[in-house]
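Features as listed in TrEMBL:
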- 13-74: domain 'Glycosyl transferase family 3 N-terminal' (DOMAIN)
- 82-339: domain 'Glycosyl transferase family 3' (DOMAIN)
- GLY88, 91-92, THR96, 98-101, 116-124, SER128: 5-phospho-alpha-D-ribose 1-diphosphate binding site (BINDING)
- GLY88, ASN119: anthranilate 1 binding site (BINDING)
- SER100, GLU233: Mg(2+) 1 binding site (BINDING)
- ARG174: anthranilate 2 binding site (BINDING)
- ASP232, GLU233: Mg(2+) 2 binding site (BINDING)
Amino acid sequence: MPAAASSGPTWPDLLTRLLARQDLTLEHSRWAMDQIMSGEASVAQVAGFLMALRSKVESVAEVRGLADVMLEHARRIEVPGETIDIVGTGGDRFGTVNISTMSSVVIAATGLRVVKHGNRAASSKSGSADVLESLGVNLTLSPEQVRQVALDVGITFCFAQTFHPSMRFAGPARAELGVATAFNLLGPLTNPAQPTYAAVGVADARFLPVIAGVFADRGTSAAVFRGDEGLDEMSIAGTTTVLWVRDGAVTEVSVHPTDVGLGVSTIDSIKGGLADENAEVARRVFAGEAGPARDAVLLNAGTALAVAAHVGGTEPGEVVAAVRDGVTRAAAAIDSGGAAAQLARWVVASREAAPA
């Protein structure tokens, strides 16, 4: 008797569902990503899948399936204790200075261990990897060396191209498409250390609830935010919509700079340049220079610290109060010289971990 035909998913099945604007199940999403990450999918299949997903708009289950399988194919590390990542999806087209990267140094200076996940610039002049390199951080570390730096100095950087080698199979389709796809959402969700907490900026408002939903499903405490003008950071130009994720529940909160003791500035006042220019801005901020760049760092670092604070509830007033306290702690970390010292220790540790 002949064997029964496989009843598993096929690309035509999945594409037909997506083109009918039907969400995929978690299992379907996982199957598709495994095909991509293992190199089994053709360029046409990858491109068709990504564009069909985007035309429908990705669901929480779809994005979680993609992210979970991407992590299964990653080079993972375990960093003990409470850790946090602060990162943006990119793609907001504002070209600001590297706010989350500066914020990560300030957060580490308060004593909370930071495991930052990032890459070189995609849509801007300077990505997190670019500016850190300009600041002197050695990026050519193995996963074990990255882990050791975190243990030694309380902050480290997971360079995406080192930790996600299977992403090379998606590269040709992404390059040929040349537009944002589901993969642009995955960076904040696929930190190879899977930190305890996350603070994530999202440029596209459609994906605020999607990314927040993935963190809620995972049981991760997080703040997922978008400036109302479209910035993928906490905004110093006006109100930011924050989805506060705690204990599997999501609460929407609005935060304005004046709510937490900061002034209002234009987005143009925090425009960035090439990596060396943005690195110089970082040095000035860490040296205590006042101005919009400092305020942006305080607001973003303060929000991240609030996520990890274990105080207050999820009511809007309680969240704003926690962010205000975080801003105060971030300011103290800069004004004490702690942030500048933290960066200096990181540079030395990264170079000693893998000397040239």
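Cβ atoms here come from the backbone N, Cα and C positions, even for glycine.
Heads up, TrEMBL stuff is auto-annotated, nobody curated it.
In the predicted model, the domain 'Glycosyl transferase family 3 N-terminal' (13-74) shows an average pLDDT of 98. Close to GLY88 (5-phospho-alpha-D-ribose 1-diphosphate binding site), meaning Cα to Cα within 10 A, are the following binding-site residues out of ASN119, ARG174, ASP232, GLU233: ASP232, GLU233.
A separation of roughly 16 Å, to the nearest angstrom, links the Cα atoms of the residue listed as 'anthranilate 2 binding site' and ASN119 (anthranilate 1 binding site).
In the three-state DSSP classification, HIS117 (5-phospho-alpha-D-ribose 1-diphosphate binding site) falls within a strand.
Here SER100 (5-phospho-alpha-D-ribose 1-diphosphate binding site) is compared against the binding-site residues ASN119, ASP232, GLU233, and the shortest C-alpha distance is to GLU233. Comparing CA positions across the binding-site residues THR96, HIS117, ASN119, ARG120, the one lying closest to ASP232 (Mg(2+) 2 binding site) turns out to be THR96.
Of the candidate binding-site residues, THR96, HIS117, ASN119, ARG120, the one lying closest to GLU233 (Mg(2+) 1 binding site) when CA atoms are compared is THR96. ASP232 (Mg(2+) 2 binding site) falls outside any helix or strand according to DSSP and counts as coil. Counted within 10 Å of its Cβ, the other Cβ atoms near THR96 (5-phospho-alpha-D-ribose 1-diphosphate binding site) come to 26, all protein chains included.
In the structure shown, the C-beta of HIS117 has more C-beta neighbours within 10 angstroms than that of any other entry among the binding-site residues HIS117, ARG120, ARG174. Fewest other C-beta atoms within 10 angstroms, among the binding-site residues ASP232, GLU233, are seen around ASP232. Recorded residues THR96 (5-phospho-alpha-D-ribose 1-diphosphate binding site) and ASN119 (anthranilate 1 binding site) have their alpha carbons 16 Å apart, per Cα-Cα distance. In terms of DSSP secondary structure, the domain 'Glycosyl transferase family 3 N-terminal' (13-74) contains 46 helix, 0 strand, 16 coil.
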